[in-house]
Structures are given as C-alpha cells and as structure tokens.
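What TrEMBL says about this protein:
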- 7-25: transmembrane segment (TRANSMEM)
- 29-102: domain 'Phytocyanin' (DOMAIN)
- 98-200: domain 'Phytocyanin' (DOMAIN)
Amino acid sequence: IMATRTRIFSFVFAMMMSFMVFSVYCSARIYTVGDSEGWTAKDDVYYAWAEADHKEFHVGDSLVFEYDPNINDVIHASGSLEYEFCDYSSPKAVYNTGHDVVGDSQGWKLYNSDFYNKWSEERQFHVGDALLFEYDNEVNDVYEISGDLEFITCDPTSPVAVHKTRQDLVRLTEPGVHYFVTSHSGYCEAGLKLRVMVGPLPKAVTLPSFPKKVDLSAMERLNNWLQTFKHQPHH
C-alpha cells in the first residue's frame with residue numbers, strides 16, 4: 001500500500017511540474033525537489049515547495065529527485081486527465097534510480113555540426129552553474145578534456161574526467177574554458193562536442209563608502225564671532 005501511495009503521489013507532482021509555465025532562459029538552474037528533505041510522501045508539501053521563494057521554472061532547468069528507490073519512484077504522466085485522476089498506466093517516462101535528474105528534453109546527442117556552438121554562445125555560464133548531459137547507449141559517454149587542441153582534434157586520450165551514467169551532472173567549479181566531447185570519434189567530428197566559457201561567480205555590486213568631507217570653517221568663524229560679540233561689554 002505504501003509503495004502504491006508514494007507512486008501515485010510521485011505521479012501527481014511530476015504532472016504538476018509539467019503544467020507550470022516555462023519560458024526560454026539563458027542560464028539553466030537545477031532544483032533539488034523538496035530541498036534537504038528530498039522526494040518523499042507528504043501531503044501538499046511540494047505545491048508549497050514549488051511556489052516558495054518565487055520560483056520560476058524555465059526551459060533548460062532541471063529537477064533532481066532524491067528518494068529511497070525501494071519504496072518510491074517518479075512518473076511523468078502523459079496528460080491532464082491522467083494527472084487529475086492519478087492514472088500512471090501509460091506514462092511518458094518512469095524514473096526509479098533514487099537520484100533522477102529530469103531536465104532539457106533535447107539531451108546530449110548529435111544534431112548538426114554547429115548546434116553546440118550556438119547553444120553555448122546563447123548562454124552565460126558562471127562558477128556554480130551545472131551542466132546536465134542526458135544521452136542513450138548510442139552516445140555512451142561524456143569526456144571532459146583539458147585543452148583547445150584536444151577539442152579541435154576530438155582527442156579523448158587524456159581526459160580531466162569521464163562520465164558514463166547517461167544522466168551526468170557536471171558542476172562548473174572554476175572559471176575559464178571547459179571542453180566536453182564524446183569518445184565516439186565519428187560523432188565528435190560531426191559536432192557532438194561542447195565548449196563553454198565560465199565566468200566568475202557574480203558578486204553583488206557595492207558602492208565604496210567615502211567619508212563625507214564637510215567644510216565647517218565658515219560656521220566656525222560665525223560661531224567665534226558670536227561668542228566674541230557675546231562677551232564684549234555693552235554700553
């Protein structure tokens with residue numbers, strides 16, 4: 001019974017999120033559903049979570065579902081009626097790993113030779129952002145490499161990091177240029193490679209505090225004159 005209830009609940013929230021208004025956004029964000037408490041069965045808590053802190057969800061954002069896979073899952077329902085009646089018999093997708101990252105539907109795959117150049121140029125990346133690579137068995141991996149030459153020649157022999165989970169979340173922790181390719185040489189040469197320029201963490205702009213310089217010499221002269229006049233003998 002518990003598994004059934006949590007499954008229905010997971011379905012309800014997944015559809016609730018899919019019906020929210022989305023728009024194009026330049027810098028993708030990653031939301032951990034439920035924050036520190038994760039994805040668990042609690043009445044209406046996720047409606048409040050989605051509305052709290054003025055959250056705005058955009059195309060390219062990602063949701064991270066953390067939970068115990070022995071008693072729970074995440075189901076993306078196929079329509080509004082299925083959502084209203086908690087019908088998960090024909091879902092769009094089912095997630096049950098316990099750490100599900102649900103994001104941009106286009107994913108890490110080959111489109112055309114210039115697709116990822118344009119994708120990167122249209123966005124601004126900063127330290128603290130993250131990249132989500134979702135892909136199938138045909139692509140098979142993401143290699144982070146160290147330099148422009150390796151990127152141009154699609155050389156993955158000395159990678160900085162290798163990712164193969166098919167839902168790879170790569171956090172951008174340092175400023176500078178970051179390079180990503182697939183080890184599938186034919187795909188990489190055809191355009192399945194990504195170069196992103198990462199800027200420093202944006203800082204709040206604060207105006208310098210300058211001491212105010214006030215010239216009191218005129219006031220002092222007036223005060224001295226008044227004091228002098230006060231103490232003069234009057235005839």
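Cβ atoms are placed via backbone N, Cα and C, with glycine included.
Those TrEMBL annotations? Automatic predictions, nothing curated.
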TODO: Could you break down the residues of the domain 'Phytocyanin' (29-102) into DSSP helix, strand and coil, giving a count for each?
DONE: 18 helix, 19 strand, 37 coil
- [ ] Let me know the model's mean pLDDT on the domain 'Phytocyanin' (98-200).
- [x] 88
